[in-house]
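Working notes, beginning with the structure itself.
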Amino acid sequence: MDFPSRFEVIVIGGGHAGTEAALASARMGAKTLLLTHNVETLGAMSCNPAIGGIGKSHLVKEIDALGGAMAMATDKGGIQFRVLNSRKGPAVRATRAQADRILYKAAVREILENQPNLWIFQQAADDLIVEQDQVRGVVTQMGLRFFAESVVLTTGTFLGGLIHIGMQNYSGGRAGDPPSIALAQRLRELPLRVGRLKTGTPPRIDGRSVDFSVMTEQPGDTPIPVMSFLGSKEQHPPQVSCWITHTNARTHEIIASNLDRSPMYSGVIEGIGPRYCPSIEDKIHRFADKESHQVFIEPEGLTTHELYPNGISTSLPFDVQLQIVQSIRGMENAHIVRPGYAIEYDYFDPRDLKYSLETKVIGGLFFAGQINGTTGYEEAGAQGLLAGANAALRAQGKDSWCPRRDEAYIGVLVDDLITLGTQEPYRMFTSRAEYRLILREDNADLRLTEKGRELGLVDDVRWAAFCKKREGIAQEEQRLKSTWVRPGTEQGDAIAQKFGTPLTHEYNLLNLLSRPEIDYAGLVEVTGQGAEDPQVAEQVEIKTKYAGYIDRQQDEIARLRASEDTKLPVDIDYSGISGLSKEIQSKLGATRPETLGQASRIPGVTPAAISLLMIHLKKRGAGRQLEQSA
């Protein structure tokens, strides 16, 4: 039967990509349906109980700046917060939170259920309704038909999911959940390039069977950081420590002697696993010279004894898993609550997507998350928000939007995926961005919230808080610029004594703050006045100290902007462009870049080829002008 009500956007999947997609679409006023096979697993953390980290927290903060849920749910569910790289520059500092799975999931569900324009329905999606290369809706497992202008697929590891533990395998989307077989078969019928990837998870341990006294304690930071720009430490539940132990020679011997029983090394698993989150057997094989590897013992929540041993993801047989765990210091008597496993699943080549994350071959069909070859909650959430927003824009007859590489890590992520594709699960790092000093986690709101407001993603509460912060920064910069200190005065002498820097002439406080040896907190201590909001103080200090570097990056961005924004015609025939080699014609034809800037980032496309493209575009433009004037 047909569902009696029509929607503008349908989102399939209730994981990190799906929830952000559905929320984004609904915030923009589109009537949105979130289809999930199980309402109880909305926002579930399928793998590690943590949000953020190097490169990843930048995505979380950008999701937050655009009104998303991930950071707010983390503040409500985070049981340990730390700032990584705190001794390094602001470009690479990253907030990481250990989360209580139950609290995090509950926070996500609360946000979903209180979002206007959003309906939730529990049914697996088995088929897409496609007419004349346009998606029209979805057919569920029981034959119920839903219709909409846009459909967002966020299927995670469920498409053709196959779980491996040793030589045994069985179909599953994740442990305890069925796979999506019918939808996977339907998608394989579409003219899209498909492949297989693999990810894995470690065995879970009962904390009552672990000896923490021989491990190294890793407490959270004090003062406790927050993840959301609207967050506060008062939202946080009680905080706990993580613990560190190590594998050893005995552990490595057990693994090495059982590699023939590993589905990875016996050819059973075809999918490629994540390079930057390898299984323990992969680590032992690839880094045979290392005597030990760190294992982070992470609590799964405040109301459970379950522990997540981060660093020993494995698909070895259970008897080997038990030997591995019990060979590690502090876990000699450990009880495994859930075995580790690997899961293999379908993904689709992201080069078949537009910047909006809409497929090039089926209008109105959007992909987000692991279906695009990424790994990680944060990468999924970022894509989900973008796909959901663009699905709503399409349904409303408006132009799509995607931030550029110099505007957001979301822009870096999408550009990498649709330009380069990926043959292994893609993870975000700060090193992937050319303009790291501009794309910091601390200024994500200053970069994106105004655009989010324009799109309809940002509500009144967030907008008011943002405007207050932005105004506070401007006022504090002006105060520092207009406050002067002279040598020989009480303040001048106090500054010289505090920082060991005698004043040679009159300075304003903004000039002084630009010196490497002078910090904002110290200036406030000496002068007795400063910003009350720590976010304002942080922005003023970073902007002042790194002004020269930031200006240089902005100049470089401005120079490149022209080619970045030059659109390539959808119908361009690369085989007809004189001077392009067959190889470059093939690469351009396979990727179908949307802009000249994107074309320049395709491996093997030379600067000379870009020049030829520019000449072709000029000739094409001149030719069309002549046709119009004739």
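Yeah, the Cβs are placed from backbone N, Cα and C, and that goes for glycine too.
Since this is a predicted model, take the numbers as computed values, not measurements.
Listed in Swiss-Prot:
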- Gly13, Gly14, Gly15, His16, Ala17, Gly18: FAD binding site (BINDING)
- 273-287: NAD(+) binding site (BINDING)
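In sequence order, Val11, Thr19, Glu20, Ala21, Thr36, Thr154, Gly156, Gly369, Ala380, Gly384 are the same-chain residues whose CB sits within 8 A of the CB centroid of Gly13, Gly14, Gly15, His16, Ala17, Gly18, the residues recorded for FAD being left out. Distance from the CA of Arg275 (NAD(+) binding site) to the CA of Gly14 (FAD binding site) is 26 Å.
Taking Cβ-Cβ distances under 8 Å and a sequence gap of 6 or more within the same chain, the neighbours of Ser279 (NAD(+) binding site) are Gly200, Met264, Gly273, Ser313, Thr314, Ser315, Ala342. For the recorded site, Glu281 (NAD(+) binding site), the DSSP three-state label reads helix. Rounded to the nearest whole angstrom, the C-alpha distance between Phe287 (NAD(+) binding site) and Gly13 (FAD binding site) is 37. Calculated from their C-alpha atoms, the gap between His285 (NAD(+) binding site) and Gly15 (FAD binding site) amounts to 32 Å.
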